[in-house]
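For reference, the structure discussed in these notes is given below.
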Amino acid sequence: MVATCLHLVGFVSSFVGWIGVIVATATNEWVVTCGYTITTCRKMDELGSKGLWADCVMATGLYHCKPLVDILILPGYVQACRALMIAATVLGLPAVFLLLTVLPCIRMGHEPGAAKYRRSQLGGVLLILLALCGIIATIWFPVSAHRETTIVSFGYSLYTGWIGSALCLFGGSVIVCCSGDAQSFGENRFYYASGSSSPTHAKSAHV
């Protein structure tokens, strides 16, 4: 029962973290750039933000972005971080699907616990790989961007990527390390006997 609860905690935290990684990948406020202080840049309308897909200017009543579409002239770190975040987003799809199929509330015929255990472990490993891709990208990008321009603060996209990657790493680690063994995986659940004489009579299997 404890292993089942830990598996659910790992799945929920990983799913929330994967959503955070998707949000970080799709948005452009990774770092806030300015040649002066934030107050001075706001007065001079020179406060900008930099992301994977566009460079933006944040002025009073104006938010203008210039898409980064020319791949040939993009810095190498931008392209690498794009690839890492896209890979993290894609890895989340099979990971979430595999973990959905091994939830205690889902049964696929008379499937043995060992098969569900293998799917659970594979899903956990994919989540850890997802988290590593996100962590590398969200650390590499601000460090490299700081060499090109002056960074005054981190944007919400970067914080979302950090939190999402951390949740995926936590959830994947819990699923891989705390799911029990292959023989007893998925068998510690309650069910009602089909031929019981009383509707209140219940049996439990391998509790």
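Backbone N, Cα and C atoms are what each Cβ position is placed from, and that goes for glycine too.
Marked as transmembrane segment by TrEMBL: 6-31 (among others). Long-range contacts of the transmembrane segment (6-31) within the same chain, counting only residues at least 6 positions beyond its ends with a Cβ under 8 Å from a Cβ of the stretch, are 49-56, 65, 85-86, 88-89, 92, 95-96, 99-100, 102-104, 120, 124, 127, 130-131, 134, 138, 141-142, 145-146, 151, 153-158, 160-161, 163-175, 178-179.
Positions annotated as transmembrane segment by TrEMBL: 83-103 (among others).
TrEMBL lists 124-142 (among others) with the feature transmembrane segment. Within the chain, the transmembrane segment (124-142) has long-range Cβ neighbours (under 8 A, six or more residues past its boundaries) at 10, 14, 17-18, 21, 24, 30-31, 52, 77-78, 80-81, 84-85, 87-88, 91-92, 94-95, 98-99, 151, 154, 158, 161-162, 164-166, 168-169, 171-176, 179.
Residues or ranges marked as transmembrane segment in TrEMBL: 162-182 (among others).
Long-range contacts of the transmembrane segment (162-182) within its own chain (CB-CB distance under 8 A, at least 6 residues past either end) are made by residues 3, 6-7, 9-24, 88, 92, 95, 99, 113-114, 117-118, 120-121, 123-128, 130-132, 134-135, 138.
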